[in-house]
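Engineer: One structure, as structure tokens, below. Some questions next.
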């Protein structure tokens with residue numbers, strides 16, 4: 001195998017490994033729900049939006065014929081659906097959960113209908129779907145920024161997951177390089193905010209380490 005082929009294979013494997021590692025961080029929430037039989041301190045919307053994101057990128061991967069995208073997002077969609085079903089099972093407010101799920105599913109179905117029925121040209125469909133996936137992914141990476149102000153205000157990183165931050169950093173970096181290698185801006189660009197937000201979170205962990213977090217809470221009590 002040529003050097004370029006080895007590099008591409010290694011990069012593809014890195015994307016799969018790091019992304020599945022990021023998705024698997026939700027397993028701790030799943031175990032918490034099973035152990036406590038409740039959804040206390042667990043947010044539902046990230047599961048739902050990540051599932052929609054996975055299904056969108058899965059469609060892009062199928063249309064593009066990219067096996068790496070197909071594998072990663074197929075497994076991701078299955079895991080996120082599992083988290084959603086568990087949340088629905090243990091949540092006492094099932095009506096709100098079902099309403100949010102139905103709303104995003106309706107949007108997803110409308111999107112599929114538009115891309116597959118009203119955009120017959122394959123290249124135009126690929127570009128428009130790639131643009132949609134990129135914008136959706138960027139919005140997901142930037143949405144937690146509002147929480148960062150609260151972290152600075154409280155001087156506490158309790159609401160942040162260190163393992164998820166590391167996984168997101170490696171995941172975003174590997175996909176950015178992968179997209180650059182393929183010369184696909186729809187893959188490269190949306191992962192750059194993921195690198196940026198992960199570095200910001202790591203900076204907050206350095207500024208407000210867990211030990212300081214505990215001392216600060218003791219002073220507050």
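Quick reminder: no glycine exception, Cβ is built from N, Cα and C everywhere.
Reproduced below are the annotations present in Swiss-Prot:
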- 10-94: domain 'MtN3/slv 1' (DOMAIN)
- 127-212: domain 'MtN3/slv 2' (DOMAIN)
- 149-221: region 'Mediates interaction with TRPV2' (REGION)
- 3-23: transmembrane segment (TRANSMEM)
- 43-63: transmembrane segment (TRANSMEM)
- 68-88: transmembrane segment (TRANSMEM)
- 102-122: transmembrane segment (TRANSMEM)
- 129-149: transmembrane segment (TRANSMEM)
- 160-180: transmembrane segment (TRANSMEM)
- 186-206: transmembrane segment (TRANSMEM)
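I'd like to know what surrounds each of these features in this structure.
Structural biologist: Mean pLDDT for the domain 'MtN3/slv 1' (10-94) in this predicted model: 90.
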Engineer: The transmembrane segment (102-122) and the transmembrane segment (186-206): do they have three or more Cβ pairs under 8 Å, with pairs 6 or more apart in sequence?
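Structural biologist: Contact criterion not met.
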